[in-house]
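A.B. asks: Once you've had a glance at the structure underneath, I'll fire off some questions.
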Amino acid sequence: MTMAFSKASCQTLIFALLLLCNLRALEAQTPAPAPGLSYTFYRTTCPNLETIVRQQLQTVFASDIGQAAGLLRLHFHDCFVQGCDASVLLDGSASGPSEKDAPPNLTLRAQAFVIIENLRRLVHNACNRTVSCADITALAARDAVFLSGGPNYSIPLGRRDGLTFATVNVTLANLPPPTANASFILESLSTKGFTPTDVVSLSGGHTIGIGHCGSFSNRIFPSRDPSMDQTFFNNLRLTCPTNTSNNTTVLDIRSPNVFDNKYYVDLMNRQGLFTSDQDLYTDSRTRTIVTNFAVNQTLSYQNFINAMIKMGQLNVLTGTQGEIRANCSRRNSNDLFILPNMERDQDEKVASY
Ligand code: HEM
């Protein structure tokens with residue numbers, strides 16, 4: 001009897017230890033700020049920066065919460081291509097089409113670019129030309145998460161804006177397609193220093209927003225992807241009747257406009273929209289991480305925050321690198337008559353000439 005009891009308690013202990021190890025592995029450390037970035041970067045030069053951005057976005061989202069998803073995705077597309085340097089915001093020029101013209105960026109919301117430029121104008125009116133478009137984009141993504149019901153967190157600031165954009169081919173090579181399986185995504189993101197836990201955490205961004213039929217038609221035409229729930233499939237076929245439909249549907253059917261951990265619950269129910277989502281639950285390397293996040297929202301948030309801070313520091317320009325753009329869609333040197341020392345309120349001055 002005593003023997004049986006101690007064997008059972010031993011088994012319970014081993015189970016508890018395994019569970020603890022499992023969770024420990026998911027206990028991510030907040031990444032240290034990259035050299036040149038800091039949590040207090042604008043303390044003296046633009047002390048009201050974060051208040052200005054948050055209040056403005058509160059107003060924007062009050063009339064259309066969908067814009068939060070557009071801003072979160074914009075930051076991701078900025079950081080993955082050439083680093084978080086606001087290169088995704090640049091218009092094309094005589095030198096060629098810009099990142100904006102590359103296929104993955106054609107579904108970025110046009111309004112997201114307008115919101116960023118409006119934020120820039122407000123911020124520069126208050127603080128002159130001290131804050132980069134890259135930092136404004138990073139702050140907008142951070143606030144998109146919080147104002148949609150997600151966690152509140154601080155991010156390191158001090159990014160500078162890039163002078164060039166990537167080619168269409170480089171853009172394509174750095175943004176994995178939604179048809180990719182977990183192996184492809186894990187391999188592709190590991191080249192940027194992301195662990196499998198980071199990959200699952202970042203994919204949690206799909207808890208808000210929408211996707212076009214073309215992004216998941218591979219899973220519903222000519223027939224149902226076997227890893228997709230039958231009722232979910234039936235409904236998607238109503239939204240996308242043919243394989244050329246251009247309608248949209250939500251990424252997270254349980255709470256499409258709320259930043260929460262329901263995306264992971266969707267995956268466990270085979271209701272992930274893209275191959276790149278659902279395969280995180282099929283693949284044995286990421287399945288347990290998905291399950292842990294589905295049952296523990298706090299854990300999913302901690303890991304999301306850390307992965308976002310890591311993503312937000314990819315190849316940043318700092319110090320005297322790059323510039324602080326006076327208009328987020330153009331590099332300053334396009335304005336040939338602006339001298340380098342005219343950093344104050346440049347666009348307003350130009351307008352009054
Ligand atoms: C891991 C690889 C990823 C792939 C393959 C991917 C792919 C996609 C695709 C195809 C769409 C929909 C485009 C459309 O059809 O309109 C989308 C939307 C979205 N993605 Fe991702 N994504 C990835 C990672 C991320 C990350 C890291 C974030 C942010 C942390 C993110 C945030 C979003 C959001 C918020 C939307 C909705 C945008 C809107 O409603 O305008 N994605 N993603």
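Cβ coordinates come from backbone N, Cα and C, glycine included.
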A.B. asks: So, in TrEMBL, which cysteine from Cys21, Cys46, Cys79, Cys213 is disulfide-paired with Cys127?
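C.D. replies: In TrEMBL, Cys127 forms its disulfide bond with Cys46.
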A.B. asks: Asp252, Asp260 bind Ca(2+) 2 according to TrEMBL; which of Thr195, Thr197, Thr207, Thr318 goes with them?
C.D. replies: Thr207
A.B. asks: Let's check the environment of Arg73 (site 'Transition state stabilizer'): how many other CB atoms sit within 10 Å of its CB?
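C.D. replies: Around Arg73 (site 'Transition state stabilizer'), other Cβ atoms within 10 Å: 22.
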A.B. asks: Would you identify which of the recorded positions His77, Pro176 has the most other C-beta atoms lying within 10 angstroms of its C-beta?
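C.D. replies: The most densely surrounded of these recorded positions is His77.
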A.B. asks: Of Arg73, His77, Pro176, the recorded positions listed, which put a C-beta under 6 Å from ligand 1? Please answer none if none do.
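C.D. replies: Close enough to ligand 1 are Arg73, Pro176.
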A.B. asks: State the Cα to Cα distance, in Å, between His77 (active site, proton acceptor) and Pro176 (substrate binding site), rounded to an integer.
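C.D. replies: Pro176 (substrate binding site) has its Cα 10 Å from the Cα of His77 (active site, proton acceptor).
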A.B. asks: Between Arg73 (site 'Transition state stabilizer') and Pro176 (substrate binding site), how far is it from one CA atom to the other, in Å?
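C.D. replies: One finds 13 Å between the Cα atoms of these residues.
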